[in-house]
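K.L.:
What follows is a structure written as structure tokens; I'll ask about it next.
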Amino acid sequence: MSGDMRELKIEAARAALGQVTDGMRLGIGTGSTAEEFVRLLAARVAEGFSVIGVPTSERTARLCVELGVPLTTLDETPALDLTIDGADEVGPGLALIKGGGGALLREKIVAAASRRMVVIADKSKMVETLGQFPLPVEVNAFGLRATMLAIESAAQALGLSGPLAVRQAGEKPFETDGGHLIVDASFGRIRDPRALSNALHAIPGVVEHGLFLDLADTAFIAGDGGVRTVGLSE
Ligand SMILES: O=C[C@H](O)[C@H](O)[C@H](O)COP(=O)(O)O
């Protein structure tokens, strides 16, 4: 990652930190942008700021522990004030593609348990139509081929097609924190994300997918000219 790109992620994360107030119960996202947020948050915590966070992945949990950000679980704290997370794509109406890091299931559970979700990203993530980034679909390993066929035909019924790939980690299939697999679906432009979301949810082997609809209410998008606040109407 270039230094400039990292700087943009830090700027977006800093803007999101401005939304965090003392005593908040936070959902803490996953990925390189969310990690910049954790670093900034940890510095505030070291100054005496009091927050408690639910991490959306084991990776984020490790970083929080390392940097001294106090953690809880969603079972102990089932209602959160604010989730801050990155995204792979940010489309109109703050529809998102997430899961490039494989954390989409916990990310979606945590975001849905939060009163608000704020997205932090650099400007390269903003798109007019979702789908250039392959859509991550988390699936049960049982019946993988049947599930892949079902995904293919559900997509076809919506006029979508393209290769499906089981995500790999070196020689082996990538395994999520929940012990599932990820199928990356390169469908190209997803003109009706809601219809695709519903169709994927109807497939028994699909655990969850990376389309985040009606979850985020604000995005902080960092570009060369500064950080732009994007709301639901944009
Ligand atoms: O599973 C991973 C997450 O959805 C990430 O938030 C997403 O992939 C964006 O990550 P990054 O900030 O590293 O681009």
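Note: Cβ is positioned from N, Cα and C throughout, glycine not excepted.
What TrEMBL says about a protein is an automatic prediction, not a curated fact.
Predicted, not measured: the structure shown is a model, and the values here were computed from it.
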K.L.:
May I ask you to find which of LYS123, LYS125 TrEMBL records for the substrate site already listed with THR30, GLY31, SER32, THR33, ASP85, GLY86, ALA87, ASP88, LYS98, GLY99, GLY100, GLY101?
P.N.:
LYS125
K.L.:
Would you mind reading off the Cα separation of SER32 (substrate binding site) from GLU107 (active site, proton acceptor), to the nearest angstrom?
P.N.:
14
K.L.:
For the binding-site residues THR30, SER32, which one has its C-beta crowded by the most other C-beta atoms within 10 angstroms?
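P.N.:
The most densely surrounded of these binding-site residues is THR30.
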K.L.:
Mind telling me which of the binding-site residues LYS98, LYS125 has the densest Cβ neighbourhood, counting other Cβ atoms within 10 Å?
P.N.:
LYS98
